[in-house]
Amino acid sequence: MNGRTREYLKGRFGDHYRRASLSPPPAANEREWGYITWGDGGTTMVRHHSYLDVTGGGDLGGFLAGERPRHVYFSAGRYDDPGASSMGQKGWRGSDLVFDLDADHLPGIDPSETSYAAMLEACKGALSRLLDLLVEDFGFEPLAVVFSGGRGYHVHVRRDDVLELDRTARREIVEYVLGEGLDFDDIVSTQAVAGSAGRSSPAQKRTLPDGGWAGRVRTRLTTLFDEVLTMEEAAALDRLREFDGIGEGKAKAALTAARNNREELTKGNVDVHPAVYSIARELFETVVEAESAPIDEPVTTDINRLIRLPGSLHGGTGLEVQHLDRDAIDAFDPLSDAVPETFVGNEIAIYTQEPTTVELRGESFRLSEGVSSVPEYVGVFAMARGYASKAGE
């Protein structure tokens, strides 16, 4: 990025902060603050500052309007002395539990081949799965959901009962959300019952409990058999034979078991027939792959992590880091809703070295090689991404 481009973006970021209304996170005085400047010698991180250090006793917006940083962060950690120059001197008191979703970590997404819009849409799907796991399985409410301004989302849990979790405990939560280390037999509840049922006495009844990963598999299994029980027999058998190791005989046995034991199946009993157990085991793999959330593990386990400030601008896109209400997530379009109003309504001249396409505010802009006049928000995005530089007016 050349000097003219840097100075232009720095100035316009400052204009944004003069207009913006920013609210610091809870316990702002207990957190470390940091920011990245628009320096010409690479990335320069300024950190180990307290809230008082950065604001000088004033407000956060005034500091940002004056400093005009490229990126702004605060710590998940809370400290006795957040401005101390080393982590050991800060006196750790606890940390928010933070989850990060980024398109780079989504399975099947290649950032070099996937459009920015498609990556963000895929990330929103992963966010929905993450929130379901956090709320339904852990009971983590309230949650703070934030669009990162880049290619993903952050979720903050600030309840008192998570603040003092150490890295090991946070890693266990990560593994659960990722579905790592899960085995089907671990989620099945085993109960001794009277009789032998063809096995050693007493027999064992294996059941998928309601809730958690077991509950998800149970729901999928019940849905499957509800589906096949409404089909013609030939179609139902074909559907069941789609599962590995289920041939004609086992498919018929599973279908018969489902007809005769529908109530038990609904209760999660996977021992109504060995074929049903085999199908449930395979569904487990499918459910974990489909309903886990590909979070970035180091973000959650790092109790000292710096995370982006809502209301600030992302220096790699020019988009706003935005707090989202849970009921607004489905309708949220980051390529429209996160475009700062500061950059709307003006045209600027930019120079593009290679042709590229930018999609913002519901429109697609084809930038040809050379100098062109574009809406400022398009130019800011292209310059921040490194696609273009500022041309002379």
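Start at 1 and count along the chain as shown; that gives each residue its number.
From the backbone N, Cα and C atoms, a Cβ is placed for every residue, glycine too.
Look at Swiss-Prot and you will find ASP100, ASP102, ASP296 tagged as active site, backed by sequence analysis.
Projection of Swiss-Prot feature records onto the structure.
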| residue | record | Cβ within 10 Å |
| --- | --- | --- |
| ASP100 | active site | 21 |
| ASP102 | active site | 21 |
| ASP296 | active site | 18 |
Mapped onto three states, the DSSP assignment of ASP296 (active site) reads coil
DSSP says ASP102 (active site), in three-state terms, is strand
Rounded Cα distance, in Å, between ASP102 (active site) and ASP296 (active site) is 7
Rounding to whole Å, the Cα atoms of ASP100 (active site) and ASP296 (active site) are apart by 6
